[in-house]
Amino acid sequence: MSITCELSNLTSKKAKESSGGRKWIKKPLLFLILCGLTVSMVIVLLMFSRKEETGSCDGEARVLYRHQNVTRSEIHDLVSLFYDSDQVTSFECRKESSPGMWENYGITCALNMRCEKEETGGAPLNLDPSGLQHYISSTARVCDNLEQSLLQSKEPVNHDEGLNWDVSTYLRNTWWCLILGVLVCHKVFVSHSRAPTERKENVNPQEALAHKQRPQTAFRGAGKWRKNILLLGVIAGVSMSVWWFWDTNEKIILKRRETLENMCDERARVLQDQFNVSLNHVHALSILVSTFHHGKTPSAIDQKTFGEYTERTNFERPLTSGVAYALKVPHSKREQFEKEHGWTIKKMETEDQTPVQDCVPENFDPAPIQDEYAPVIFAQETVSHIVSVDMMSGEEDRENILRARASGKGVLTSPFKLLKSNHLGVVLTFAVYDTNLPHNATEEQRVDATIGYLGASYDMPSLVEKLLHQLASKQTIVVDVYDTTNASDLIKMYGSETGDISEQHISSLDFGDPSRNHEMHCRFKHKLPIPWTAIISSGLVLIITFLVGYIFHDAISRIAIVEEDWQKMKELKARAEAADIAKSQFLATVSHEIRTPMNGVLGMLKMLMDTDLDAKQMDYAQTAHGSGTDLISLINEVLDQAKIESGRLELENVPFDMRLVLDNVSSLLSGKANEKGIELAVYVSGQVPDVVVGDPSRFRQIITNLVGNSIKFTQDKGHIFISVHIADEMREPVNIKDAVLKQRVALGCSESGETVSGFPAVNALGSWKNFKTFDSTGDQNSGRIKLLVTVEDTGVGIPLDAQGRIFTPFMQADSSTSRTYGGTGIGLSISKRLVELMEGEMGFVSEPGIGSTFSFTGVFGRAETNFTITKYERFDLAIQEFKGMKALVIDNRKIRAEVTSYHLRRLGISADIVSSLRMACTCISKLGNLAMVLIDKDAWNKTDFTILDELLTSTKETSTRPPKILLLATSATLVERSEMKSSGFIDEVLIKPLRMSVLICCLQEILVNGKKRQPIRKRINLGHLLREKRILVVDDNLVNRRVAEGALKKYGAVVTCVESGKAALAMLKPPHNFDACFMDLQMPEMDGFEATRRVRDLERETNKKVASEEVPVEMYSKFSSWHVPILAMTADVIQASNEECMKCGMDGYVSKPFEEEKLYTAVARFFESS
Amino acid sequence: MDALVAQLQMQFRDYTISLYQQGFLDDQFTELKKLQDDGSPDFVAEVLSLFFEDCVKLIGNMARALDQTGTVDFSQVGASVHQLKGSSSSVGAKRVKGLCVTFKEYCEAKNYEGCVRCLQQVDIEYKALKTKLQDMFNLEKQIIQAGGRVPQVDIN
């Protein structure tokens, strides 16, 4: 049962696995796809980030390039200025320009320019050296600026590289972390999945059952721990992705701010530079005026020249809308001045905002009387309308003029609405001094030396606009310019309200006027775009985290399931094992309980059959009895199996004659064998002692089982050969004395065909070789012998695939076996266990179609010397008679002849063997005094026999008796037999298998009595058996005693009665005066069991004494041991279980109201021989 | 004369059969009769007289045991019943035997009432059997006196 259970478990497990496997095929696929997806996404991400960096680089380069362009155009303007004023001869360097050599270019330009300027110094135009100085310094400053900007532009590139490195490190680190995590998790997984299996090896199933709670909780704990780790991992992954997003976003913002800063600074610088350039130029103009207007008399400049000049050099001051020169006129000189110029000094109309075109200075009011005036005398064409306007009359202008002449530097007004235009603007004013003003002049000196003022108006919005147009990224950035001289009241000079207010950068502007502060505010035109890069990358990390988490979660839950399953399996296994043990115990108990009532049923059936039944009733009763017998034998087998399995079977240790047991078995099974026409032969080696100590019933059981199987599986041909040897005989194969064994070892039966029947059989040698204990030595002197028993048949054999499970209980070769041959398949298993209990081994060799040979070894004790079996005694007399006789065996098969001669040897008859009748003829003369000739039926030949018979009769005269002729046959019908006998040649036909009792009876009849045997009567008269026997009847019941006495007396027995167990004990002291004793079981004081036990004890003691010769042997006549047959008498068949009787040493039982047949069968066993 | 014998034989047969049919006797009685041969001509009578003696003794024992007020020794009663059962089964006194079985059960159950009732029944029963058998023996004697042979009665 346990096996079937395991099997079904296995299959179910397999099924589960297969179904689970399909699920698992999908999972790696999914996992692979996910892996591929992740890797590709990461690659794309990496490429994307690099591209972005190159893009930003490109942006930088573009800025640089534009910057360069701007500067170039500036230089170009400068050159054209020189060129226009006929002061420049050549300027080749422009052609050498290339973006990569910008620095050099700048320097060369500067150098070239210096040369040019030196040349111009000697020009007829006679430029003032200080003016030239201005030029040079301004150009040098431009160069410096360029260099600076170049250096600055380099720095961000480096920074970007660093950033790039950072990102890749992050990625790499993350990957390493991931891989490490995966490895660690895998390790944990592996160790955990291994741990249970290790534990499984150590744990005893029953222990496991007992402690199953503990590991379960441990597993649950482990599962929880794993889940926590997973949760932690997922949380870590999520937080990492959040961090990643934050980090990346931060970087983007930072970068954006940097860009903004850079751009803002750049713009501020450019604006400042441009402004400074024009500032310088205006300064130069002031010097020009001072040189050429005031330094020369008459003046070299008039309105026309000034207008023309300023118009032509306007490109140098792209930021100015116009320049004008005003003369310092004190009030005292006003009239003179007005007279000189022919117009009156006019007042500036700040309120009048009519367009410039409509403005007519003549319409202006004359300037009010002041200390001094600053009437414009020269003006650029664009602002020619302010000629004659008094600059002192304007608020900002006046202040500006005052400051300018005090500082001697250019000064700026705060932004205000420019005259006659709606734009905000500033006015730059330079004071023009007398030429002889010292450098370290005081403020008063400066004011005194002032002769005029040069003003330039800057239109800020258009100015900035123009400038920004030249720069890159004008679309992305919004610029505001503020005047911050008054910190609390910022004046916006340029700008709009649009753009991203959240972030702006402020760069300070220096327009060369220290008293005025300007700032540039930059901000992006558009809001910060959604940071897709950060979102994607962090999203990827999140996805990966969740995927990995999912995978691990799956694994963990699977581990949990597997562990749970394993737990269940273990529990089930333990339960199944416990159930198996319980089953065995149950079977043992129940079988025993079944046996007792079955005995009753069988007994009653037997009694029923003894009553007068008609044929039909008899048939039914017989069928019932037969079924009952089968059932009992089956129950016995099951009981044995259960007993063996639960370890309750113990072997007896009593002396017995192995040959008798084998005789018994062969006589028992001969009927079946003969029915099938199978030859059954028994051979026991001469070296096997007569009496061995062991368990005869178990030995008999094994032999019966093996032979029974052989008969079952052998079909109508061949033989079954039982042979017993001592294992030691096999040890030296060269010196084997035993003829049968020699033949086996030397030739191998199957090859030579030298078998009992002539049919091939499998050589037992193969199975012998597998016995481990076969070669163990040292048992020779310890009083123990190892016997080797072989049962050889020529049956169907065992299929090769079934040979492995032949000893498993309830497993036959295949399911068809039980259909074809019947049986439960338990016998071999029991036999094997029994053999193991006998410290032996069982094995077999089998070839399908040829047959099987089962062998087993068993250790038996050597019986003490002079110890013979009681049952043997009845043959003693006969054996004495036969001793010393000679016989001739004629058989064409050597082994069979050996078997025959073995049986003869047992009777003390020495036999010679010849292989055929002809051979016998030749050697018959040499063998004188033959008592008998045994001829096998196979060797029988009528013609040859006639010759032999003649020879034999010829010797008749010399000998007293002619040899008796016996024919050995496997099967012969009565008709055949009588035919044979009537032919006169043959004295008797012996039906094989040969066995001692049959042989003795037969020989006695033909030799001793000299007459042919009567056909066997079915029932010998009981009177004959019991006549003159001294029998003791023990019963406490007077009536019963009397009845028993009467019954036994009727058969001629001499009956003595006693009424108690004690009295019986007194009568049954050895030497015995009784041949048998019938004992009631239920008696007061001492019951039958107890009495018997005591009698047996006494006998044993006496036997010991006899053995040790303490008591004179002659006192006990010819018996060498004492054993009085004691039979139980019982009224109750059911109660009288045979086993119980046997246990206390009884030899049998009879049911109480004596029945003739029962009495006969019980008694016959003891008195048959006499 | 022969007619008388034949009549007696007929009577004997009928009577014996009636004994079997009424359940007084069973096969064992037949077996017992088989044991009687020339060697022991009065075997059956001897055994039966032994049996009845036994009965008197045992019933007396039991009556005494059951008569005792207070503690009744059922085991003693049981032993006697067992004896009686064995004897009755040996002679084939079927009714007595049957009663003994019941009696024994009561005894084991220590049922005093049942025991007393059974004892009375057994007493009645064995006496009845005794009378019947005496009648039968008388018949046998008459047959023999008449010069006839006691016929073998085949019960079946």
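Cβ coordinates are placed from backbone N, Cα and C, and glycine is handled just like the others.
Taken from TrEMBL, the feature domain 'CHASE' covers A:297-521.
For A:589-857, the entry in TrEMBL reads domain 'Histidine kinase'.
Secondary structure of the domain 'Response regulatory' (A:886-1007) per DSSP, as helix, strand and coil residue counts: 59 helix, 25 strand, 38 coil. What TrEMBL lists as domain 'Response regulatory' is A:886-1007 (among others).
Feature annotation from TrEMBL assigns domain 'Response regulatory' to A:1030-1167 (among others).
Per TrEMBL, 4-aspartylphosphate is recorded for A:Asp936 (among others).
Annotation source TrEMBL lists 4-aspartylphosphate at A:Asp1080 (among others). DSSP classifies A:Asp1080 (4-aspartylphosphate) as strand under the three-state reduction.
Per TrEMBL, the feature transmembrane segment maps to A:29-48 (among others).
Per TrEMBL, transmembrane segment is recorded for A:229-246 (among others).
Annotation comment: TrEMBL describes A:530-552 (among others) as transmembrane segment.
Cα to Cα, A:Asp1080 (4-aspartylphosphate) and A:Asp936 (4-aspartylphosphate) are separated by 51 Å. The modified residues under consideration are A:Asp936, A:Asp1080. Their Cβ neighbour counts within 10 Å are lowest for A:Asp936.
Mean per-residue pLDDT, taken over the domain 'Histidine kinase' (A:589-857), amounts to 78.
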